[in-house]
Each structure stands twice: as structure tokens, then as C-alpha cells.
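In Swiss-Prot this protein carries:
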ACT_SITE  Tyr168  active site, proton donor
ACT_SITE  Lys172  active site, lowers pKa of active site Tyr
BINDING   Leu13, Asp59, Asn87, Tyr168, Lys172, Val201, Thr203  NADP(+) binding site
Amino acid sequence: MPSYVITGASRGLGFEFVRQLSSDPNNTVIGLVRDKVTTEQAVAQELAGRSNIHILQADITDYEAVKDAVTATAQITGGVLDYLVANAAYISEFDAYDSIGVLGNSPKELEEDLFKSFKVNVIANVHLFNLYMPLILAGNIKKVIALSTGMADLDSTNKFELQVAPGYAISKAAMNTAIGKFHAQYKKDGVLFMSISPGVVDTGHYKNATPEQMAKVGGMFQNFVTYNPDFKGPASPEASVKDVISVWENASIEAGSGGSFVSHHGNKKWL
């Protein structure tokens, strides 16, 4: 009976991971969220009757709260964990539509945003992995997955001229390196660490954007089409999560997947 911990499970891709993984009653699915009450209400309304879902409250930047969540997880699973999925992330609105040079005109805000991006997307995940390692090591499957972004790929950044969201991209690139470091340490113990980009997904991130901001997003999408004529726009969370699960299910240390950073296709094709 595989066990999963999903961070950022209250909405978007995180909630979709909970939905898809809990569809198999043999799976134990644990979601870490900042608002337990609201998330449990959503589960009751949309995933009624699934007794294999457990929601724990923990802001991933709160070390003690995550530590308590590990204790609660162990009580649910009997002290083991098969999959740890680091989905929670800080996606800044400050840097979402501008280049790093433009953001440099607001140096204080830029610095604060970079610090927050690094704290949530890198430091919090490093603590998350360290705290859950005893349970992962005791598990059977031993897979740790971090949700990343194609924007963290240097070749992709240059090819698609990806100027926007620099803080998000920089922090995710740092997280990818952390994944490599963890895998280098725990490969000998049979633990697979890897980063997977979910692709371009419609999670409502741009729903409050101004026409000027959407014009910048449209320009980025046009670059995608130029380099990949098959690009039809953002995928649904359902399709993206299905692809990501397929990638980690097919990944193995023996196949060289450990410490890697791949797309939802399992390769370097980001769209």
C-alpha cells in the first residue's frame, strides 16, 4: 500500500495530485497545507468517501510545523513513506511579468522577493527532505520528487527568451541543484531524488493580470509557438499531473533518473 506526502495540496496541481493518487484506495495520500479546515472542506465536497486522504496543517517554511507533520505522518503510515512530492512553491506576482533588469529599478522589493523565493522554494524544501528522510529510508519505494519549471533550464531560457519570473526561475534552479546533492548522498541507500517540470499549466496564475501584463505573457507564448508549432497553450492540471506521475513511476536509479531534472515528458522537451 504505497504512501504519499504532497506539499501545497490545497489547490492547483497539489489538489490534483491528491485527487488522482487517492483514486486508488490502496494508496495512502497525505496532503500538507496551510489551511487544513478549508482543504478538508474541499476534500469532503469533491472527493467524498475517500478515507485514504489525510490532511495535515503545516506551512513548509515553519520548521517545527513540518517536524510535527512528520510525526503525524509516521502515525498514519506506521513510520514509513514511499513518495515525498515537494509541490508547494512561492510564485511571485512581483516578478511574474518583468525582466530582471526592469525589476532592478526597485532594488529593495527585488531583494525581498528573491529572499522569499529562496526561502520557500529552496530552504524550506531542504528542511522538508531532511525531516522526512527517516520515513523515506524506511519505505519500500523511496522516491523524492520536486516540482520544478522549464524556466530553470538555461538552454530553454535562452531558446525561448524567457525574461519574466527571474526570481522564481533562479530559486527553482537552486532547488534542482539541491536535488542533485541529496541524490548524491542517498543513492547508495536506494533513494531516488529528481526534479520534474509539470509543463505550462493553467492554474489560474494569470487570472488577475492587466491587459499590459497579459501582452507580455502572450509574447512569451508566441515564442513557444515559434520554436514549437505544436504548442497549443497551457495544459489542464489533470493532464499535467497524469504526465508527472507517469514520469516518476517510470524513473529509477538504474535508468539514470537519480538527481535529474526533466520535463513532464521525461526528457528535456519542456512544452
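Even glycines carry a Cβ here, placed using N, Cα and C.
As the structure is a computational prediction, the values presented were derived from the model and not from experiment.
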Among the binding-site residues listed as Leu13, Asp59, Asn87, Val201, Thr203, the Cα nearest the Cα of Lys172 (active site, lowers pKa of active site Tyr) belongs to Asn87
Taking the Cβ of Leu13 (NADP(+) binding site) as reference, which residues of that chain separated by at least 6 in sequence fall under 8 Å from it? Asn87, Leu147, Pro198, Val201, Thr203, Pro237, Ser240, Val241
Close in space, distant in sequence - Tyr168 (active site, proton donor), Cβ under 8 Å, 6 or more apart: Ala89, Tyr90, Ile91, Ser92, Asp95, Ala96, Ser117, Asn121, Thr149, Met151
For Asn87 (NADP(+) binding site), what is the secondary structure state per DSSP, taken as helix, strand or coil? coil
Radius 10 Å, atoms counted are CB only; among the binding-site residues Asn87, Thr203, which position scores highest? Asn87
Rank the binding-site residues Asp59, Val201 by the number of other Cβ atoms within 10 Å of each Cβ and report the first-ranked residue. Val201
